[in-house]
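Undergrad: For reference, the structure I am asking about is given below.
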Amino acid sequence: MITTPPGLYYVSLAYVASLFPGMWLINGVQSLSQLCSTTILRSTNVALTIICSILVHDLLVHLRPSIGERRASFYAILISLYPVHWFFTFLYYTDIASLTAVLAMYLASLKKRFWVSAILGALAILFRQTNVVWVIFVAANGAIKYAEDFYETKSFPGENEQLIQEENNLLTNKKRTSTFPSLRRRKMNNSANTNKLRSSESSGYSHFHSPGIIIEILDITLKLWSLKWKVLIAFAPYAMILIAFAAFIIWNRGIVLGAKEAHVVSPHFAQLLYFGLVSAAALAPFHFTPHQVAKLCQLFKRNKVLGSFLVFAALGTSCIIVHFFSIAHPYLLADNRHYPFYIWRKVIQAHSTMKYILVPLYVYSWFSIITILGESQKRAWVLSFVLCVALVLIPAPLIEFRYFTIPFFLLILHSPATENSKWLVLGLLYAAVDIFTMAMFLFRPFRWEHEAGVQRFMW
């Protein structure tokens, strides 16, 4: 049963219509229905994958201009080999179109083309409802960047002094005297000081330091409040989309389309743990190395008390999650075509203690992800990313690696990894997995006794 909006079908119709004149001349095709073969429809995703790779290249150049065009092209090709993304390039699923629309929306926002970005966000929602979360993510981070850029490029001393005084008053009320002098000295229209601030925040450890993130959120809140009318006008297109989506939820009596009984919103907190481990494993040359382990240990040694508290709190919370909030959806247990079926049975459920044994890996993966992101992104960005990943994944009762694709691409795009040797190893690993999964799909078909037709292994 169809459970997503019809965006892919609209795009396919436009794609087939664009092919019709040429096919009419070459093969004498008389109608669009004759052209709507399985092969032609699947080729829609091939075309979208090419566009997606171009967007990845452009995003890399925009986000990390120091790597250059040639290296960005190299990275974009390797990222396109990411096994789940590559596999569904050749099938007629919404994942490729959904990812392409989200990346296009993000790139347009980074270039401050907010109306274009909002339109692409609406298109992304037409591919998959949960993309509304990524619309919020793009709009929120776009608004924060808009406010920060305003104070960096404009010089209004009176307003800046007033804003700084408001920050200091708030921090005084909270008795955070240790950070008061640094905030008083900061001038938001001074780009040099801003760069120093960003540099100080680049440490991964700082993302685990709660007073720091509270100060940053207060700073952002005050900036946005002082520019509230400018921000509201600039980001009105996103607001219109969110209002329209809220109206859809009211009209549809929920976010789910189609088989609502099979896609009931559930507190599946374990999804967040699965995403962390799968994403870190998919970037194993950067996360599971002695150097990365040593880096994390060194970061926690800077403050042993806080570091120990964070580790034990994360371990305890994860144990509670896997015990009470691990959901085995009926589809997961019944459909042996998909690899999660075997991972669930042969790994997670291999023994009653196995799900607890995996907890340290879950915790390490998330600490490693946050640390690496913290080397290039501010705390607010990292926090918003984690929250949006949670909003997308936790309500989903079914474990599907396809659901991880968009956050994974955002993660890899913002990871400041530039070692060519590690990227090459990553590409070789992706190619090996791609060959294996495609060989299983093509050459190891099987049949179900209760249903006619050939079944195939897939993600």
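Please read every residue number as a count from 1 along the shown chain.
Using N, Cα and C of the backbone, Cβ positions are placed for all residues, glycine too.
So TrEMBL says this about it:
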type: TRANSMEM; residues: 7-26; note: transmembrane segment
type: TRANSMEM; residues: 46-63; note: transmembrane segment
type: TRANSMEM; residues: 75-94; note: transmembrane segment
type: TRANSMEM; residues: 114-140; note: transmembrane segment
type: TRANSMEM; residues: 231-251; note: transmembrane segment
type: TRANSMEM; residues: 271-288; note: transmembrane segment
type: TRANSMEM; residues: 309-333; note: transmembrane segment
type: TRANSMEM; residues: 353-373; note: transmembrane segment
type: TRANSMEM; residues: 380-403; note: transmembrane segment
type: TRANSMEM; residues: 423-443; note: transmembrane segment
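If you look at the structure here, what lies around each of the features I listed?
TA: Among residues of the same chain six or more beyond the transmembrane segment (7-26), those with a C-beta under 8 A of the stretch's C-beta atoms are 32, 35-36, 40-41, 44, 47-48, 92, 94, 97, 101, 123, 125-128.
Same-chain residues lying 6 or more positions outside the transmembrane segment (46-63) and placing a CB less than 8 Å from one of its CB atoms are 11, 15, 69, 72-73, 75-77, 79-80, 85, 89-90, 96-97, 99-100, 103-104, 106-107, 110-111, 409, 413-414.
Packing against the transmembrane segment (114-140) from elsewhere in the chain are residues 4-8, 10, 94, 97-98, 101-102, 104-106, 108, 234-235, 237-238, 240-242, 244-245, 255-257, 384-385, 388, 391-392, 396, 406: each is 6 or more residues past its ends and has a CB under 8 Å from a CB in it.
Here the transmembrane segment (231-251) has long-range neighbours at 114-115, 117-119, 121-122, 125, 132, 135-136, 138-139, 142-143, 146-147, 224, meaning same-chain residues at least 6 beyond its ends whose C-beta is under 8 angstroms from one of its own.
Within the chain, the transmembrane segment (309-333) has long-range Cβ neighbours (under 8 A, six or more residues past its boundaries) at 208, 262, 266-270, 272-273, 300, 340-341, 344, 348, 355-356, 358-360, 362-363, 366-367, 397-399.
Proximity of distant same-chain residues to the transmembrane segment (353-373), defined by a Cβ-Cβ separation under 8 Å and at least 6 residues beyond the stretch ends, is recorded for 204-205, 207-208, 273-274, 276-277, 279-281, 286-287, 292, 295-296, 299, 311, 314-315, 318-319, 322-323, 326, 347, 381-382, 385-386, 411, 414-417.
Under 8 Å from some Cβ of the transmembrane segment (380-403) lie the Cβ atoms of residues 84, 88, 93, 95, 130, 133-134, 136-137, 140-141, 144, 207, 213, 216-217, 220, 263-269, 271-272, 274-275, 278, 327, 329, 331-332, 338-340, 344, 370, 373-374, 410-411, 414, 459, all in the same chain and six or more residues away from its ends.
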